[in-house]
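J.: Before anything else, here's the structure in question.
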Amino acid sequence: MSDIADRVKKIVVEHLGVEEEKVTENASFIDDLGADSLDTVELVMAFEEEFGIEIPDDAAETIQTFGDAVKFISEAA
Amino acid sequence: MFDLTGKAALVTGASGGIGGGIARALHAAGATVALSGTRTGPLEELAAELGSRAHVIACNLSDAVSVEALPKLAAEAMGSVDILVNNAGITRDQLAMRMSDEDWAQVIDVNLTSTFRLCRGVLRGMMKARWGRIINVTSIVGATGNPGQTNYAASKAGVVAMSKSLAAEVASRGITVNAVAPGFIATAMTDKLNDEQKGRIMGQIPMGRMGEPGDIAAAVLYLASPEAGYVTGATLHVNGGMAML
């Protein structure tokens, strides 16, 4: 697993308080990991800080799963 | 009680009577304060009076760029913004039939839109801190209406509904959002009324007197305190019984 994926996973595990095994490629933050809409905003904020990138609102809306996040950040960072 | 030591508060409209009173009360409780307003003279005077823990940040609330910058400048000056008091407001009174689109828009822009923008601007820091206090100063006329103030009353009622919605969004993060609704308070704004107008208003106040800036400041201080942590989405009416809501 890439370094980016590890760092994203760490943020998700810490923020949502979920088991690491549950954070899989297709795991949806809201449907599978128990995030509410405010959690998803906070996750995006945390990704922005961790990776020093800007995630515009329209892009943030497309980040639904752990895989989406890793893909977006890999392309942006 | 009501110890704000270590907290940083941004107060808009701090050059006015009520805003100055609010800044003094928060400062006296130990908070560091950022005083904002358009007129820097009175802000500098107030900062000098308060001594340490007081910063002056000029801001024209009808300018969107200036409004976006304010929370960032305040956080740079104080390290964070833990308490936001949206107190600034303007009036452009006119009978509805004679009110221009410009008078309408200016009041909505400054009183409602800039209040929203400042709330949005401080949320990131408050969410991360899992603590925050937003207090929006509305008005009795936002609940009762007032002839000649369709724009002002609409902006103030809008602030109340906005506060409630925002309160629901961020409650789970330890952030409270409340409103304080002054009745008639003795300030430069109400000094302009003539004796007949004042007499008529006084007749509607069971307490038999106008309020003082300190009456409003005390309500804001309470809502800013750790003790008010379970109060959110509320409007605290401070009006001498003029409207019992």
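Positions of Cβ are set from backbone N, Cα and C atoms, glycine also.
Below are the features I grabbed from TrEMBL:
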- B:7-188: domain 'Ketoreductase' (DOMAIN)
- B:Thr38, B:Asn87, B:Tyr152, B:Ala153, B:Ala154, B:Ser155, B:Lys156, B:Ile185: NADP(+) binding site (BINDING)
- B:Tyr152: active site, proton acceptor (ACT_SITE)
J.: Starting from the Cβ of B:Asn87 (NADP(+) binding site), draw a 10 Å sphere and report how many other Cβ atoms land inside it.
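T.: Neighbour count, Cβ to Cβ under the 10 Å cut-off: 27.
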J.: By a simple count of other Cβ atoms within 10 Å, which of B:Ala153, B:Ala154, B:Ile185, the binding-site residues in the record, is least packed?
T.: B:Ala154
J.: Please name the residue among the binding-site residues B:Thr38, B:Ser155 whose C-beta has the most neighbouring C-beta atoms within 10 angstroms.
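T.: Of B:Thr38, B:Ser155, the one with the most crowded Cβ is B:Ser155.
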J.: Fewest neighbouring Cβ atoms within 10 Å: which of the binding-site residues B:Tyr152, B:Lys156?
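T.: Taking B:Tyr152, B:Lys156 as the binding-site residues, the minimal 10 Å Cβ count falls on B:Tyr152.
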J.: Please average pLDDT over the domain 'Ketoreductase' (B:7-188) for the predicted structure.
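T.: Reported value for the domain 'Ketoreductase' (B:7-188) is a mean pLDDT of 97.
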J.: When DSSP states are folded down to helix, strand and coil, where does B:Thr38 (NADP(+) binding site) land?
T.: coil
